[in-house]
Structures are given as C-alpha cells and as structure tokens.
Amino acid sequence: MALRFPRFSQGLAQDPTTRRIWFGIATAHDFESHDDITEERLYQNIFASHFGQLAIIFLWTSGNLFHVAWQGNFESWVQDPLHVRPIAHAIWDPHFGQPAVEAFTRGGALGPVNIAYSGVYQWWYTIGLRTNEDLYTGALFLLFLSAISLIAGWLHLQPKWKPSVSWFKNAESRLNHHLSGLFGVSSLAWTGHLVHVAIPGSRGEYVRWNNFLDVLPYPQGLGPLFTGQWNLYAQNPDSSSHLFGTSQGAGTAILTLLGGFHPQTQSLWLTDIAHHHLAIAFLFLVAGHMYRTNFGIGHSMKDLLEAHTPPGGRLGRGHKGLYDTINNSIHFQLGLALASLGVITSLVAQHMYSLPAYAFIAQDFTTQAALYTHHQYIAGFIMTGAFAHGAIFFIRDYNPEQNEDNVLARMLDHKEAIKSHLSWVSLFLGFHTLGLYVHNDVMLAFGTPEKQILIEPIFAQWIQSAHGKTSYGFDVLLSSTNGPAFNAGRSIWLPGWLNAVNENSNSLFLTIGPGDFLVHHAIALGLHTTTLILVKGALDARGSKLMPDKKDFGYSFPCDGPGRGGTCDISAWDAFYLAVFWMLNTIGWVTFYWHWKHITLWQGNVSQFNESSTYLMGWLRDYLWLNSSQLINGYNPFGMNSLSVWAWMFLFGHLVWATGFMFLISWRGYWQELIETLAWAHERTPLANLIRWRDKPVALSIVQARLVGLAHFSVGYIFTYAAFLIASTSGKFG
C-alpha cells in the first residue's frame, strides 16, 4: 500500500476516519512524537527548520522592499515626509468600479493603492536609504540571504553536515557565539552602518559603495580613537535648527549623549543611537568571552549553577541539577526563550512610541497606533507560549530525582501557596477596580458626577517627577534643580532629556490622573489573572490532588472518560487555551487605553479622556462608539470612500470572531449527527455523488474544536480592532 499522510506516524496513517488528516496536521511539528525519532534526529530537524524560518523572514522583508520600490512613492515621500502619504503597494481588484478607483487612488499614485502604516518608510529613510534603486538593491540582497538560508538548511540535513547531539548541547560555546558573534558583532556592524551611511545621509551626504572609502564620517577619522581623545567624537553635534537630510544646521559629531529628541524629526538623535549601539556591542563582545570552551579559561555554566545555593540552608538546594535539566530539555529552553522574547516585544511596543528612533514616525499617528498594538498582541501570544512549553517540560522532561529540593522542585512543593496568592490578588484587583468603575457609572447616571471616587496616582506621579517631570510640583531628584543628580547630568544628556519629558507634544511620560489609575488596575487584573491560569496550568501539569496521575495522559487530553468525574478541562493545554482569552482581553484594555489617551493628546482635547475614562459608560460611549463612526461611514448614500475597506474588515472581523463560538459552545455529538446527515444527502445527490472519499467523516475531537474556536476568536478579535484602530486614527489625522 502507498504511504498515506502522515508518514511520520504509521499508526495514524492507518486511521480510517478524517481524524487522520486533522491529527496529522496537529502533530506534524511535534517531532518528539514521530515514529523512529531519535534525540539526534530531533535536534537536527529543529536546527534545519530554523534555516527555513530565516529564509521565510528574509523573503518577506525582501518583498516589502521590492513592492515599495516597484509600486510605492518612496522618492517623493523622502522630499516631504510629513505631507506625502507613504504607499505600501498597488491594489489590483477587478471588482472596483469608478468610485472605488477614485477613493483608493492616493499619495500621488496613478491607480488604487494601500497606504503603509508599518513605519518602513521612516525606518528606511532614517538608516540612509533615499532612492528606489536603494530599495531594489536591499530586496535583492535579502533574496540572496533567503536562498543562502534554504541551502544551509538543506545542507545541515545531509549526512556529512549533520551536527552531533554533543554539538547542540555545548552550552558555553553557544552562549559565546550568540553573545559575541550575533549580538556583539551585529551591533558593532550596525554602529558602523549608522556612522558611515546613516549619519552622513542625515546631513545630506549620499554614501554608497562607490564613495564609501572617500567620505570620512568624521573629519579626523580614526585619529581620536588611537590617541585616546574619544570625547572629540561628541564635539560639534547637530544643532537644534538642523534640517534632517540636509547639511543645514548639521554638525560633525558621530557618537553623542545629547538626550531628548531632534526638534524637527521628533525622534532620538541619530548620533545618540550610534553611541548606544557601540556601547551594546562592547558589552556583548566582552560577555561572549566569559564562558569556558576549548581554552580552559572562563566560567563553566554547570559550576555557576551548582554554586547558586541559598545561604542559611532554609531555602533548599538552589540551582543544583538545573544545568542538566535545562540542557536536556528543548521545551525548557524554548520556554525561557519565549518568556524573554515576549517581554522584549512588549518593551519594543512601549519604546517605539515613547522614544521614537525613526525620523518623523512620531508625527505619523496611525503608524504609531498600529505598531504599538501589533507589538503588544504579539508579546501576548509569545508570553502565553512560554508557559505552554513550561508545562510540556514538566510533563515530558522533568525528572524529580535530578531536581531534588532545588528551585524547580520547591516551586512544585509550594504550588498551593503560589496559586492562592495569585488568586487573592486577582480577586482583590477585580472587585475593587470594577467596584470603583461601577460606583462612578451610577453617580454619572444619577446626575451627581461630583460624587465619583477619583484617586490620584500619586506614587506614579512621584516616579515621573523623579525622572524630571515638573508639572506635578514634587521637588525630587531630577525635577529638583539643586540636587546632586540634576547637577551631575547638567552638562551632558540632561537638558535634552528634561526638555523632552516636560514638552507636551510627545508621548514621553504622559500626564496621568484618576482615569489612568483605574485603567492601570484593570490591566493589572488582566495580567494577574492570565498569569494565574498559566502558572496553575504549568504547576499542575504533572498532577493535582484531583488527578495525581495527570502526567501519564500527556499535555492535551479532554477527560479521563466517564469513570472519573471532574477530569475534563484540567489538562495543561486547557489552561493555555483559557489563558489566551484572558490575554486577549488584557491586551484589549491596554490598547484601548493607549489609543484613546493618544487620540485626545493628538487632537488637543486631553480633558475628554480625563473626564470620560473614570466610568465604564465613558469608555463605551466616548471611545468605542464615538470612534467607530468612521467605520460605519465607509459606505453611505453618497457612495464609498477610502475607509470602506476598513468598514468591510470591521464587519468581517466580527463574523470570524462570532464563528469561533460555533466551535467553542457546541460539542462533538451535534457535529457528528450533522456530518452524517450531510454525508447521507451527498450520497443521494446526482453528480455530487460521483465524488467519493476514502476516510469516514467524523467530528473534530474536543481539543481540536477548542483550538479551531480559539483561532477564530483570536483572529476575529484582532481583525476587528485593527480595522477600528486604523480607520478611526487615519480618518481623523489623514
């Protein structure tokens, strides 16, 4: 018999029902569960797939450059970044009538186009790209890298080039390589690009390969470096009247510590950014020489971890046994990587708007809103994934004998205390925050707004003041003009920083009040509840009082049959599944808060947020309802406009979201009966019954239906908000 899908599981391949297809797709990437898998093949498969992943990323970024060069308006945007709308790509749609063609022909284009809200124009402009030819060159280079990655992935699957398991488990060499080789060298290379190409570009000097060796980025070249006069590189920075991309008001400094923002572009000084990357490069190049490899010097990871025992002896054996536990568990390593990456992605969302690095991006409001929302949602998914793989580690890889009384074992021993603390924190935050909101709602409804309970966030205001914000009247640290902290930084970065913190036209340290206090605690509720569900799922993954043998059932099981009541819904996968809903809910509150506060800031009516955000009706009426008017107006009696695509996507997003409930609420029996009815009708319908199937159609399993429901819920939820966000922001600010 010919091999049927899935080849990696002969047991599944012989399943006579459609379960074969869905289970095959579901377990395609779970290499550990495949037939004849060895540890060596497992590591090699994952290693090769990383190259495939890189190839896809390079292809995607190449596509961005290529389409903007081919169909965009980069060169005209460069001439006037604040008034020309950047084009992502053309739209070819046979359904477009004349009104649609007119509505979507924008940004100086000849036909219908999509506007770019990704910030790539600002990014490319900042790093020194100026012409379509530059973009094509970049696209071709990335295409070349993509091909190289594919070849490398294929190569490392060939017998002669397959790395051994010992190579994959050489933690010190990998750390040194990643720290020095990837972070250190790439940061140094990026500093080089900024100094040699981007900074001259910002001063009207066009540097390419043909004049790369002729243009000195600094008049004295490397002289100050070798004579120890490094401070010369910071002298004569760009002036506050500098026009970006021209020599007007330009200086000669390349590595500065000015602080604050370039007055015209409203972004960080490019010379500050170069200095930052040089410092990072230095730190990581040093860090990558700390671990012992072939030369017998430096730290051994195992020794470091074994030495980490708490003093006094009352807190167990610390990190003993962790080295082998982590080094032999791919899920533990992935969990750590995802946890770190998730936090970093959320920090990127925060810093991209508060400390914008790209020229003119701060004045492109829709792009700012889109990038913040995009990175926060991605951070949410990555962080929940960290806990999922933590739970899989506990089920598949955790060895109690190896970890006796160390931090992992003690986490499991104290899980009741950990869960109950998270529980009371969530209950406290939930009831108090909702109580305050609802009280304020009732006061507004009864016409006595002065009876609201409004709490000033004085601790947060004090922290902002300590960083130099003077409007609250706290005379402390950097907001006090006669303190040592103020005097120490006065001659370098401080004036620029203080100017930025106290200027109300940017997003650095926004003024906060009672509305912020409430929504901050609502978000804290969401974060703690999500964490509670995820932590409980991981800590109970091996077993609980209710089901002590849970680990024998694997990561995702629906129930243990009718014989053991109450075993449904308690697999580690179920915890992940429930947590994703809470995660989406939380990121929803985060993005609503960010967007509403910024809309009022950009429109100059901050009082609307301050007055309406203290009660729930204010959020529903003055944020959601008021700002969805543009969406509902995409089609009107006068025809259509450029928001109609978002209006359609808003409706379509709701449809996808609602479809999720169809899978989440009804279970297998209903679908099985429906499928059998459909199969009966199919077999009795002329022409249709010429099409036969080999697999008996069966309903999705409980776990699969939940996954499909969750996927629709998540995609619909994000689609709906994306359309709302982009339409309401671009509708107001063009």
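The first residue you see is number 1, and the count goes up from there.
Each Cβ is built from the backbone N, Cα and C atoms, and glycine gets one as well.
If you look up Swiss-Prot, you'll see CYS559, CYS568 marked as [4Fe-4S] cluster binding site. Taken from Swiss-Prot, the feature chlorophyll a B1 binding site applies to HIS654, supported by sequence analysis. What Swiss-Prot lists as chlorophyll a B3 binding site is MET662, TYR670, and the listing cites sequence analysis. Look at Swiss-Prot and you will find TRP671 tagged as phylloquinone binding site, backed by sequence analysis. The transmembrane segment annotation in Swiss-Prot covers 46-69, 135-158, 175-199, 273-291, 330-353, 369-395, 417-439, 517-535, 575-596, 643-665, 707-727.
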Whether the transmembrane segment (369-395) meets the transmembrane segment (417-439): three or more C-beta pairs under 8 angstroms: no
Rounded Cα-Cα span from CYS559 ([4Fe-4S] cluster binding site) to TYR670 (chlorophyll a B3 binding site), Å: 19
Least Cβ-crowded entry, counting other Cβ within 10 Å, from the binding-site residues listed as CYS559, CYS568: CYS568
Cα distance (Å, whole number) from the residue listed as 'phylloquinone binding site' to CYS568 ([4Fe-4S] cluster binding site): 19
Criterion met for the transmembrane segment (707-727) and the transmembrane segment (575-596) (at least three Cβ pairs under 8 Å): yes
Most Cβ pairs under 8 Å with the transmembrane segment (135-158), selected from 46-69, 417-439, 575-596, 643-665: 46-69
Of the binding-site residues listed as HIS654, MET662, TRP671, the one whose CA lies nearest the CA of CYS559 ([4Fe-4S] cluster binding site): TRP671
Count of other CB atoms lying within 10 Å of the CB belonging to MET662 (chlorophyll a B3 binding site): 13
Around the Cβ of TRP671 (phylloquinone binding site), the count of other Cβ atoms that are within 10 Å: 17
Cβ neighbours within the same chain of HIS654 (chlorophyll a B1 binding site) - under 8 Å, at least six residues apart: GLY716, THR720
